[in-house]
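As recorded in Swiss-Prot, the features of this protein are as follows:
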{"type": "DOMAIN", "residues": "63-112", "note": "domain 'LysM'"}
{"type": "DOMAIN", "residues": "660-751", "note": "domain 'Big-1 2'"}
{"type": "REGION", "residues": "40-212", "note": "region 'Required for periplasmic localization'"}
{"type": "REGION", "residues": "40-153", "note": "region 'Peptidoglycan-binding'"}
{"type": "REGION", "residues": "40-153", "note": "region 'Sufficient for homodimerization'"}
{"type": "REGION", "residues": "189-430", "note": "region 'Inverse autotransporter'"}
{"type": "REGION", "residues": "750-939", "note": "region 'Required and sufficient for interaction with intimin receptor Tir'"}
{"type": "REGION", "residues": "842-939", "note": "region 'Intimin receptor Tir-binding'"}
{"type": "REGION", "residues": "842-939", "note": "region 'C-type lectin domain'"}
{"type": "SIGNAL", "residues": "1-41", "note": "signal peptide"}
{"type": "SITE", "residues": "891", "note": "site 'Implicated in intimin receptor Tir-binding'"}
{"type": "SITE", "residues": "896", "note": "site 'Implicated in intimin receptor Tir-binding'"}
{"type": "SITE", "residues": "905", "note": "site 'Implicated in intimin receptor Tir-binding'"}
{"type": "SITE", "residues": "913", "note": "site 'Implicated in intimin receptor Tir-binding'"}
{"type": "SITE", "residues": "919", "note": "site 'Implicated in intimin receptor Tir-binding'"}
{"type": "SITE", "residues": "920", "note": "site 'Implicated in intimin receptor Tir-binding'"}
{"type": "SITE", "residues": "926", "note": "site 'Implicated in intimin receptor Tir-binding'"}
{"type": "SITE", "residues": "929", "note": "site 'Implicated in intimin receptor Tir-binding'"}
{"type": "SITE", "residues": "930", "note": "site 'Implicated in intimin receptor Tir-binding'"}
{"type": "SITE", "residues": "932", "note": "site 'Implicated in intimin receptor Tir-binding'"}
{"type": "SITE", "residues": "933", "note": "site 'Implicated in intimin receptor Tir-binding'"}
{"type": "SITE", "residues": "936", "note": "site 'Implicated in intimin receptor Tir-binding'"}
């Protein structure tokens with residue numbers, strides 16, 4: 001059987017888009033049949049009462065028998081020793097049911113199997129010798145065996161000779177049948193059937209010998225989508241078929257071959273089978289093992305297949321920067337047909353594959369452990385044509401729609417049987433599908449893995465004192481070159497720090513601006529970085545830990561970096577304890593077995609110990625108890641620390657009285673503008689329960705409270721706000737009537753509004769203050785001045801490529817023509833900005849080497865600029881910026897003699913003028929053809 005298939009596939013998300021069914025005429029396949037190639041595949045028949053009927057699944061081995069008067073199907077079954085189920089399997093397409101067949105009347109036809117020739121000779125004919133041929137009949141009607149004439153025994157026998165010989169045998173058979181007891185109609189039908197079968201027996205035998213072929217040709221796109229599959233029987237008996245199957249396909253620009261073998265075991269009503277396949281993707285060098293099982297019945301097929309990779313990771317054939325390997329998986333398939341309407345069929349399949357990035361639908365949509373369910377229907381109006389539609393729905397709401405049309409031409413069947421609807425039923429029976437191809441996924445589903453084409457590593461964490469600038473060491477490996485690094489420094493920015501580019505030419509030159517040290521709080525910040533290359537690929541996320549030390553701490557010092565209590569209050573009963581934990585690190589690394597001393601700074605309480613050693617995690621603990629109500633402050637210190645680190649104050653309370661158990665401020669700094677408020681929250685408890693409607697009295701050393709007294713709510717909380725118009729530090733205290741002792745909140749500080757004075761910009765080269773000049777000297781520097789806030793500033797630039805800024809000093813370096821914003825953040829988290837406007841022009845000295853005048857002109861032209869129009873233009877630059885070597889970039893230059901544009905007279909004379917940006921010294925009549933000056937360009 002040769003099958004031509006044509007398919008159209010559409011992919012869609014949520015909705016199915018319009019699709020078109022591609023139809024095409026099948027390609028004709030012609031065979032030249034050589035007698036020698038299949039002489040040993042002949043069927044030999046003898047008709048006699050001593051032989052038994054054997055079933056066979058090919059039409060040429062079946063007999064169309066006409067019932068005689070008084071004869072029934074049951075009579076034939078008994079007399080010929082044929083199971084009724086066997087007769088029914090051959091006649092399903094002629095009768096609507098088995099009972100209808102049993103009622104067949106005289107004159108109606110019944111298909112019966114022919115009998116095979118037993119071995120009556122010492123050996124079968126040798127290849128190429130004359131085979132013995134007998135006509136067909138039923139048991140009890142013996143025909144004598146006829147030997148082929150010498151003319152047709154030669155190995156070069158032609159098809160015409162074979163056909164003529166078959167006709168002669170048919171004529172001889174006709175005369176013999178007329179003399180038998182069979183009726184005339186039967187003799188006529190038998191003679192005609194045998195004659196026709198003999199005429200095509202050579203071709204049929206060849207096709208049966210070579211099994212089933214299925215071809216799908218796609219003419220477009222260099223035949224992408226085409227395939228060929230071939231099933232070859234090795235051994236074929238009534239109850240068992242052993243076969244091999246080979247296939248090849250060219251799909252998605254990959255050439256894949258399949259080689260398998262299996263067995264099918266036929267029972268009266270069903271078939272059980274197994275198969276093993278090796279799949280080889282020659283384009284991508286992928287190998288896979290497939291193991292499958294089959295269970296078929298009339299009008300029903302099912303199969304299960306497992307797929308197991310035999311090759312590992314290697315560079316992908318068609319997916320750039322990825323490795324690939326076969327994905328392990330399985331599928332379960334069901335196909336069913338309506339016995340009452342066999343032209344209509346249904347399909348159900350589930351498939352599952354395993355891996356992190358599996359391309360079940362396509363290589364552009366990678367999924368983790370994807371699965372998909374497929375439902376489909378097909379329609380076969382005649383055996384020649386089958387049309388179908390499949391819908392597949394999978395993981396991630398992926399959808400797939402497949403329209404198909406197959407043209408199936410069976411060379412072992414007459415043309416009339418391939419275009420008549422009544423023969424469709426035969427295709428759906430177990431006997432009719434005996435040689436069908438194994439139902440499996442012959443395409444190798446692949447799993448992908450991104451290659452390590454870009455990696456980022458930060459080998460060292462950062463430890464530094466507050467508000468310092470620390471260089472970040474980065475190690476980048478990139479296949480396509482580094483484009484940028486994206487940082488998530490939100491935790492650092494929330495406290496006034498940041499990660500910024502240093503302004504150099506390197507894309508990986510970054511620095512960390514450390515925020516102010518938070519007394520009693522966490523001073524460890526987690527920052528992540530991700531690198532991107534020039535092709536848009538990204539690296540893994542890399543974590544950088546930044547530890548901020550107070551000014552009293554020293555880098556490389558073994559010191560307490562965090563000191564906290566497990567709660568803010570406890571009972572003043574001498575029993576309930578508050579536990580303190582001190583964390584000791586050196587350059588951000590926890591230090592074990594370090595002695596830590598503890599002291600009570602204020603208040604009355606008792607420590608469990610005056611010192612303790614750190615454990616393996618760098619932590620030392622101590623407990624605190626008191627039998628007197630009040631606030632207590634405890635400190636911790638290592639031997640290398642010059643000053644101790646205080647923890648936040650805790651409160652011991654009398655449980656029999658309404659007491660303040662907690663007081664806190666929402667921030668520690670604010671602007672002294674009378675509007676920026678700090679909110680204080682006090683909690684009042686008695687025993688273990690909050691006290692409502694309790695009056696709390698507040699006092700402050702600076703600023704204005706929203707109220708001097710507030711009553712607690714149902715949860716025991718009372719709140720007030722504090723504002724100030726005067727800069728300075730403020731201490732707020734709270735008290736309740738039952739306890740005569742004040743409870744103090746953490747100290748806060750008010751600052752004036754942070755501003756940048758854009759009219760007081762200092763030019764580094766001249767010391768002159770004022771507005772920023774509108775003509776820039778590249779790499780010229782200016783100092784910005786901020787005022788207000790807490791006086792501790794962190795500077796940053798929105799675009800360091802235009803103008804970078806020193807994070808601590810506010811010194812700006814001008815680099816390229818453009819605009820950017822400079823920001824300053826004070827430790828009280830105020831922010832002020834200054835926008836640098838695009839200059840009218842940028843003076844760019846090219847310091848690589850001295851060049852001729854014409855080379856200088858070309859250099860500036862390539863740069864997108866031109867030479868200065870005159871010496872006066874450069875003189876104005878000198879007046880605005882001073883000597884160029886006053887700036888860091890030019891500090892090693894003793895002179896920067898620069899060409900200026902020639903006048904008409906200069907051009908005639910071959911001379912030009914120059915101007916020195918370090919020493920001024922304007923010169924004229926300098927020979928233009930010699931390398932006497934630099935190319936300083938105006939952009």
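One-based numbering along the chain as shown.
Positions of Cβ are set from backbone N, Cα and C atoms, glycine also.
Cα of residue 920 (site 'Implicated in intimin receptor Tir-binding') to Cα of residue 891 (site 'Implicated in intimin receptor Tir-binding'): a distance of 16 Å. Each residue contributes its Cα atom, and for residue 926 (site 'Implicated in intimin receptor Tir-binding') and residue 913 (site 'Implicated in intimin receptor Tir-binding') those atoms are 6 Å apart. Here the CA atom of residue 936 (site 'Implicated in intimin receptor Tir-binding') lies 9 Å from the CA atom of residue 896 (site 'Implicated in intimin receptor Tir-binding'). In the predicted model, residues of the region 'Required and sufficient for interaction with intimin receptor Tir' (750-939) average a pLDDT of 90. DSSP classifies residue 920 (site 'Implicated in intimin receptor Tir-binding') as strand under the three-state reduction. Across the fold, the C-alpha of residue 932 (site 'Implicated in intimin receptor Tir-binding') and the C-alpha of residue 913 (site 'Implicated in intimin receptor Tir-binding') stand 10 Å from each other. Nearest to residue 929 (site 'Implicated in intimin receptor Tir-binding') in space, judged by Cα atoms and limited to the recorded sites 891, 905, 913, 919, 936, is 913. Other Cβ atoms within 10 Å of the Cβ of residue 891 (site 'Implicated in intimin receptor Tir-binding'), summed over all protein chains shown, number 9. Separating the Cα atoms of residue 936 (site 'Implicated in intimin receptor Tir-binding') and residue 930 (site 'Implicated in intimin receptor Tir-binding') is a whole-number distance of 16 Å.
Cβ neighbour counts within 10 Å, taken over all protein chains shown, single out 896 as the most crowded of the recorded sites 896, 926. Taking the recorded sites 913, 929, 936 in turn, the residue surrounded by the fewest other Cβ atoms inside 10 Å of its Cβ turns out to be 929. In the three-state DSSP assignment, the secondary structure recorded for residue 936 (site 'Implicated in intimin receptor Tir-binding') is strand.
When the recorded sites 891, 905, 913, 919 are ranked by how far their Cα is from the Cα of residue 933 (site 'Implicated in intimin receptor Tir-binding'), 913 comes first. In this view, the densest Cβ surroundings among the recorded sites 905, 920, 932 belong to 932, judged by other Cβ atoms lying within 10 Å.
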